[in-house]
Amino acid sequence: MNIHEFQAKEILKRYGVNVAKGAVAENLEQASEILNDLEGEIFALKAQIHAGGRGLAGGVKIASSREQAIQFASKLLGMTLITPQTPKNGILVRKIYIEEGLNFKQEIYLSLAFDRNSEKISLIVSKDGGVSIEETAKQNPHLIKTISIDPQIGLCGFHTKELINFLQIDKILWSKLDTLLQNLYKIYIFKDANLIEINPLVLTQDDEFYALDAKMSFDDSALFRHEDIRALNDETQTDTSENEAKAQRLNYIKLEGSVGCVVNGAGLAMATMDIIKELGGEAANFLDVGGAATGEGVAKAFRLILNDRRVKVIFVNIFGGIVRCDRIAAGIIEACQSTPLGVPVVVRLDGTNAKEALDMLKNSALKGLHTSDDLFEGARLAVMLAKGEK
């Protein structure tokens, strides 16, 4: 689960990390009140959306007066922001974060993320802060350093020393940097975070570290023990179909293609998407029905997929292990009879009672229902139907 920058900064403050004074506004009246409460003449105004790349897309403004700040607030609120990380149609800006400007002498990129390959936590830093870390990795990889932290041991002083040397920061600041890192590490561990990214972390003229921007993402599976984090969820930032899927306990991610997918098992779902891509099609979604591979579960999945008008065909790919294919077939027939589909359905079944299941589907006489016992051929048929070639 992602949260907004202003929410991440509230968490940082609770854990003793310096952030500039600021507040969030949803309208111009609130923006004016916030500006009257802030000091100085330089202000940063930032669109609050769950996507990176805001600056280059015009979602971050630096104002040199309160009057200019109000003008920027008027432009930002209600705009649709399109970045490389948003859907094609962009995201509507409903909130902006306004904070005091800071004078600083150094910008640093810093993040904590989990490395599945090493099964350790990666502490990533770059001397080139305030810019895209992906671009830095491509153009100046020597400016990035990654330190692996064993979660059984934790973040240690020698890690901080290693960073001090790499960043060429005055060693007198060791204690301040170590305290900052320890506080970020506590958030990462105690709150079951997937990612904490500070870009940039700045060193001010009076040698204090400040988080100028903050991004946090948390493990959805651990939210049951973090009600304070769950309460920060902003459903306006995710697709309505994804919100509906969560309510129905379906693992669903909306994509850009025209082949709707209903699959049991995340691995098989990803393999299905790969095959569709290889055959020249594009998946409209990732959908793992998992334990919901029942008649009711399939019907829910169909309704969810058909909310997307770009879907031209539904490809059902089920491997019956514990789940019996004949029960799945009965569920598919029930779903097709109870839900007006309007698009063809291709069903590939394999595993327990697959032959009986395919016979049931063939004998159902349902219009637009196609069957296959071969994954490749089933996917090929789905792609052809999506393109109108059959």
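The backbone N, Cα and C atoms fix where each Cβ goes, and this holds for glycine too.
Summarising the annotation, Swiss-Prot assigns ATP binding site to LYS46, GLY53, ARG54, GLY55, GLU99, LEU102, GLU107 and lists sequence analysis as the type of evidence. DSSP assigns GLY55 (ATP binding site) to coil, not to a helix or a strand. Around GLY55 (ATP binding site), no same-chain residue at least 6 positions away in sequence has a Cβ under 8 Å from its Cβ.
Marked as Mg(2+) binding site by Swiss-Prot: ASN199, ASP213. Secondary structure at ASP213 (Mg(2+) binding site), as computed by DSSP, is coil.
Residues or ranges marked as substrate binding site by Swiss-Prot on the basis of sequence analysis: ASN264, GLY321, ILE322, VAL323. Classification of ASN264 (substrate binding site) by DSSP places it in coil, neither helical nor stranded. Within 10 Å of the C-beta of ASN264 (substrate binding site) we count 25 further C-beta atoms, all protein chains included.
The domain 'ATP-grasp' annotation in Swiss-Prot covers 9-244.
When the Cα atoms are compared, GLY53 (ATP binding site) and ASP213 (Mg(2+) binding site) turn out to be 12 Å apart.
Here is what falls inside 10 Å of the CA of GLU107 (ATP binding site) among the binding-site residues ASN199, ASP213, ASN264, GLY321, ILE322, VAL323: ASN199. DSSP gives VAL323 (substrate binding site) a coil state; it is part of no helix or strand. Sequence-distant contacts of ASN199 (Mg(2+) binding site), defined as residues of its own chain at least six apart whose C-beta falls under 8 angstroms from its C-beta, comprise TYR109, LEU110, SER111, GLY129, GLY130, ILE133, ASP213, LYS215.
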